[in-house]
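Before any comments, here is the structure.
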Amino acid sequence: MEGQDEVSAREQHFHSQVRESTICFLLFAILYIVSYFIIIRYKRKSDEQEDEDAVVNRISLFLSTFTLAVSAGAVLLLPFSIISNEILLAFPHNYYIQWLNGSLIHGLWNLASLFSNLCLFVLMPFAFFFLESEGFAGLKKGIRARILETLVMLLLLALLILGMVWVASALIDSDAASMESLYDLWEFYLPYLYSCISLMGCLLLLLCTPVGLSRMFTVMGQLLVKPAILEDLDEQIYMITLEEEALQRRLHGLSSSVEYNVMELEQELENVKILKTKLERRKKASAWERNLVYPAVMVLLLIETSISVLLVACNILCLLVDETAMPKGTRGPGIGSASLSTFGFVGAALEIILIFYLMVSSVVGFYSLRFFGNFTPKKDDTTMTKIIGNCVSILVLSSALPVMSRTLGITRFDLLGDFGRFNWLGNFYIVLSYNLLFAIMTTLCLIRKFTSAVREELFKALGLHKLHLSDTSRDSETTKPSANGHQKAL
């Protein structure tokens, strides 16, 4: 009987492993397909050139798609775990959800951590160096020569990073950075390096998310139809039509030899056509879309932002009085044992919405920063080098999202796998400072956003607008140059 029980246990374990592997593969396949279509939408079509370059581009495209799929998996990791916990609580003995268990969720967290490290330290550097390589001088040109150069560059990069990490660990803890620890690469240096990358990602989120939370109002205002209050859309369309006709007459009147003026006028005409299309869309929009959807979305964004700041403020108070509020505190109950939200399923749904909202805001804020403005992908006009840079940036942001959500107290779900082993998560001063900075920066960005119009009028009244003390050009409506060269805002 004991032998049969042992065989039965081994068979059950084998079937569980096969089932979990199949589920993980199917989930990743879906994410990979979606990521592939996203990259193809932005990839420049002219990148497909010679046979050798075409092979290099295809390999780089495969690696970039893999990285973007891993990023999407890291974003979905925490929401999937939260909703799985609530489903297991609601249906603990349901036959159709036996595949959903703690082992599967732990496996997903471990795979996300493993693939994030693999993409960040191996695949993306390989894709970049492989794309830029030409082969060493004296060797026969071809794929093998480019692969050899790429591997040499990767080896040199690995030695450089290993040396920097060893020096950094020596400055922090001289005992940990002994010569014997050089042999402990997997257990010490790689987790330490990923912990540093995670901290950098959280700091980048700290910079991008408050900016994105304020920019979300502008972005949604550009996507939705605004109410036409005290505006005559027919007159504006008539004016923009006259401007379009004037530009077309000027364009046809110029000789083809004046290439610079022709290109400038074509770009100006394209901008005018885009503005005309937006005005016609506003005119054709229904009264419900104009007068209800836009205010409702703005109020919803304001509520979500306010709830986020309120949760961070409550988390700051919890950190001051309760040490279990630390992200690296005591482990709570297992998955499916107890609800981690005070309001049950409704609270879990709110946490998931806020996590996605913070991720979207961080991406919007990332591309809104002037330093990363050139990284913004354009449809059918993004080079593979820029795609690789965008994939790395999204990977860093998405990998740090679960850590940031737990650090800010957006959710109480414990970080699983390597995500919960970062050393800095146990530092009270770092965690408290992170929460304080997030709350202060978000509040200041929102105040700056909603008082920009008042500041502009005040600067104009005082005659200070010529000094460019207020930078609201990114949030205001874009002014279009008219046919006579003067600026005209519609």
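Along the chain as shown, the residues are counted starting at 1.
Each residue, glycine too, has its Cβ placed from N, Cα and C.
These numbers come from a predicted model, not from an experiment.
As written in Swiss-Prot, here are the features:
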COILED    256-287  coiled coil
TOPO_DOM  1-19  topological domain 'Extracellular'
TOPO_DOM  41-62  topological domain 'Cytoplasmic'
TOPO_DOM  84-110  topological domain 'Extracellular'
TOPO_DOM  132-151  topological domain 'Cytoplasmic'
TOPO_DOM  173-187  topological domain 'Extracellular'
TOPO_DOM  209-291  topological domain 'Cytoplasmic'
TOPO_DOM  313-339  topological domain 'Extracellular'
TOPO_DOM  361-383  topological domain 'Cytoplasmic'
TOPO_DOM  405-426  topological domain 'Extracellular'
TOPO_DOM  448-490  topological domain 'Cytoplasmic'
TRANSMEM  20-40  transmembrane segment
TRANSMEM  63-83  transmembrane segment
TRANSMEM  111-131  transmembrane segment
TRANSMEM  152-172  transmembrane segment
TRANSMEM  188-208  transmembrane segment
TRANSMEM  292-312  transmembrane segment
TRANSMEM  340-360  transmembrane segment
TRANSMEM  384-404  transmembrane segment
TRANSMEM  427-447  transmembrane segment
Below 8 angstroms Cβ to Cβ, which residues of this chain, lying six or more residues outside the transmembrane segment (111-131), approach it?
24, 56-57, 59-60, 63-64, 66-67, 70, 73-74, 77, 146-147, 149-150, 153-154, 157, 161, 190, 193-194, 197, 384-385, 388, 391-392, 395-396, 399, 417-419
Considering only Cβ pairs under 8 Å, which range in 20-40, 63-83, 292-312 makes the most contacts with the transmembrane segment (384-404)?
63-83
Taking helix as H, G and I and strand as E and B in DSSP, count the residues of the topological domain 'Extracellular' (84-110) in helix, strand and coil.
19 helix, 0 strand, 8 coil
Sort out for me which stretch, of 63-83, 292-312, 340-360, has the most Cβ pairs below 8 angstroms to the transmembrane segment (427-447).
292-312
What is the three-state DSSP composition of the topological domain 'Cytoplasmic' (361-383), stated as helix, strand and coil residue counts?
14 helix, 1 strand, 8 coil
Restricting attention to the topological domain 'Cytoplasmic' (448-490), give the mean pLDDT.
53
Near the topological domain 'Cytoplasmic' (361-383), which same-chain residues lie under 8 Å Cβ to Cβ, leaving out any that are not at least 6 residues past its ends?
41-45, 47, 204-205, 207-213, 215-216, 219, 389-390, 393-394, 397, 401, 474
